[in-house]
Structure formats: C-alpha cells, structure tokens
C-alpha cells in the first residue's frame, strides 16, 4: 500500500483495529477502538472513540486517508446506532375483501360436446359393365344432380349385343306365333309349341338385358351432391364390380354432426330428469346449435336425430347424431365442431363466480365466504360444470352467501374482515344461452 495509506479491520467483537503504514513501509502499532456490539450502544461512546483517535500516534494525523476514513466511519456507526431504536408497530387493520352475494336463478343447462361432420349421403360411383372410358363429363369438385351422366364407356359391343338380341327375339316370336296356329290344327305337338313359346320369352329377356347393359355404358350419378376428384381418366379400362370407386358423390345439404357424450353424463342427465331436478326445455329440447373450428357460431340450428343404442367399449361414450341444414355448403365432411345441446331447465340454481372458487391440494373445489359475524369461513363445494363465466354449484353454497372474490390472498378462515362489493366480477347476466362444460374434478 502506498504512502500514508491506512485501513480498519473489524469483526463481531466490540473492538476495531486501525492500521496505518509509514512512508518506509513499516506498519505502525494498531490502535484499538472500542465500539458497541451491533452498533447499539449510546452515541457517547463514539465520542470517546473519537478522542482516542485524536491522541493516537502522530503518524495517523500525517496520513490523509485516515483523516477521511475515521470520521466517515464514526458517522456511519452513529447513523446505524440510531436505527436500533425500536418503535411500536401500528395497530393491525381489518382486511378489506370484495364479495358477491349469491342468488338462486333459473338456468337452461346446455352441454357442449366435440364432434365431426359427416355427409348426409355418400355414393361411390362404380361401373356396372366392362369397357374403356371414352369421356369424363363432369368437373371435379362441382355439384351434380341425380341421374346426371358422369362417364361414357365404349358402347360398341353392347350395341351389337342389343341388335343381336332384337333379331333373335323377332325370330322366336314369329316361330311361336306359327306354332300356335299349328297346334290348333294338331300339326305340331303341344310340347313343340311350349318350347317355341319359351324360346320367345327368353329372347325377349335377352333383349332387355342387352338394353340394360347398353344403358350402363352411360355412368350416371346416383344422388345429388358434390362430386370429388375422378379416380379414372379417359382410356382407362373399368370392370363391373371393381373395388375402387371411379368417383364419390356426397350430399352435404343437410349434413350430419356426430358427437360423443360420456355414458356417465348421459346416466346423470336421465336421473336428474326423472327426479325432477331438471325440467325438460319443451320444444327446444331437441334443438342443437353449433360452434365451428375457428370459434364462430354457425347461424342455423339443427335438431337431434338419434342416440346410439350401445356404449363404445373402448371410450365409454355414446354417439349422438344431429342434422343441420347446410344450404351454402359451409359445413364440409370431417370438420371438427362443438355441438351445444340443451339438456333442460334447472330451478334455484346457484352460480358462483370463477374468481371465488379455488381447489385445494386434494383437488376439491373450495370457496371462502363471509358469515354473519363478518368472519371468513372455508366451504368445500361441488362444482361440476361452468355456465358462462360462473360455476354451477350443487353443494356447499346457498342463496344469500357472501363469497369472496377479491383479497383472497390476504385472509384465512377465522379472520374478521370488512366487506365491499367486488369489482372483479361482471354484473349478473342471464346464463340460459351459455354452454355448460363438465368438470370431472368438482
């Protein structure tokens, strides 16, 4: 350390040692300064320490660093000792919490279930005769009508078969008529006449068969709908009964929506309806609304078509089918959607704000309420579904209860609180139109 440098060593004892170094580099004798432990003794002792420094060795007075360091240390110690004076804590204030007073309401329960759209009708177009495709007569992805021609198969061989069958029919018909006259004159036996008549009938059937085969060279659309891509092109050989379809036509208006519902939820719904806890929603019970993949609402309502008669063993769910009008073909087969089904009407339902419902370590739904003595109570509740922005509570809360939604982090059960109307909960809204989502933890 350079000329005139000095330093202080300190520890948790009551004495600090101050060192200084002469110009020659030799350490001078350290001086001991007695300071109160933890800086909490009276300030008068600090003045005594200051006097000790003033009468210490001349070398310290010659050291500029020591003349700056020692007064600064004394000022810091004096300030810290002043901080040790204890002050009486302010009296505890009653915590303020925001509450919502619960009311019994009549709500329409809706269940939102995931599902997929399916075509109302699906027709796979296959050839019924063998031949070469001469022409494709439709535009892929377009709408086609029932009976509209889609393909033309080479008809040459079938036209020849038809003409041959007609010629054979004329011959057998003439022979049958001649034998009819001869059998009356007993010129031929009745057996010969019967054989000739049978040959005529067979020829007649052969003509009809040839006509049908000739007609099948024109491949027609069996239903009205939208046709997809063509699996064959001009020049391709197709055969009767081949495995691969030439094209597929799907009827999209109306369209099916198949959704799955857990069998447990279906059983609960039936029990609640049977016990009177739920009332049927009248004519609207069979109506279904639809939410699309992008979250938008489909403008047209559908109706419930049927419920599957068995439970899927793999998923434990039941398939429910609804049918929706689709005049603009907005819904396409395979789309993922959410169907909102009306279950029924629940009287005197308790809806608790989501801000006031939490879960404990066991996963149980709980809520803090303020009792008549303005003290906080912990309630274990049963909340199995969400309606809008609220929980539908079936156990644990009653009409008139004051549930805490603001200031939950500042209170605990048994604490007396001051209540004010909650500001973090929107004003009460009708919950009829809100879809309900089941929650298995409630």
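Glycine residues also receive a Cβ, built from the backbone N, Cα and C atoms like all the rest.
Quantities reported herein were computed from a predicted structural model and do not represent experimental measurements.
Here's what TrEMBL has on this protein:
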type	residues	note
DOMAIN	121-250	domain 'Multidrug resistance protein MdtA-like barrel-sandwich hybrid'
DOMAIN	156-217	domain 'Multidrug resistance protein MdtA-like alpha-helical hairpin'
DOMAIN	254-344	domain 'Multidrug resistance protein MdtA-like beta-barrel'
DOMAIN	349-409	domain 'Multidrug resistance protein MdtA-like C-terminal permuted SH3'
When DSSP states are grouped into helix, strand and coil, how many residues of the domain 'Multidrug resistance protein MdtA-like C-terminal permuted SH3' (349-409) land in each?
5 helix, 38 strand, 18 coil
Residue distribution over DSSP helix, strand and coil in the domain 'Multidrug resistance protein MdtA-like barrel-sandwich hybrid' (121-250):
56 helix, 30 strand, 44 coil
The domain 'Multidrug resistance protein MdtA-like beta-barrel' (254-344), counted residue by residue under DSSP: helix, strand, coil:
18 helix, 39 strand, 34 coil
Tell me, what is the mean pLDDT of the domain 'Multidrug resistance protein MdtA-like barrel-sandwich hybrid' (121-250)?
94
